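Everything below concerns the one structure shown next.
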């Protein structure tokens, strides 16, 4: 009983250990009384009377101890059931945590792929801007060239007309 009481919760343990010490003290007192009676030269009738009264007290104490032991065993069984329930809840929580971590890992992978795609698109947009800039510069250059050619043609026509009508 001493070992079982020491394995319980501290709040329950203190009370049970105090009761256990009390019972041990009572038991030692009864043993001492029994030893004095059996070793002494008392009369046989007195001796039997004391033994019977001691046995009655022992039976009452024994019944009381048995009932306390049964109550303690019941509390221990209830505690064991609560521990089992807590353990199953803990396992369920652990499974849920593993599932959440797996989902988070998948989401992280999706975000990394999206990030890579975004960088690829950004690179493509940068290339497109450079190409568009080059095309705008060529278009401007071509406009100047066409404008210059048109101007030269107009000048050439004017020169031809001038020489045709003036000479």
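Each Cβ is built from the backbone N, Cα and C atoms, and glycine gets one as well.
Annotation source TrEMBL lists domain 'Vesicle transport v-SNARE N-terminal' at 1-37. What TrEMBL records for 144-163 is transmembrane segment.
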**OP:** Please list, for the domain 'Vesicle transport v-SNARE N-terminal' (1-37), how many residues fall into helix, strand and coil according to DSSP.
**Re:** 33 helix, 0 strand, 4 coil
Subject >> Mean predicted confidence [pLDDT] for the domain 'Vesicle transport v-SNARE N-terminal' (1-37) >> reply: 76
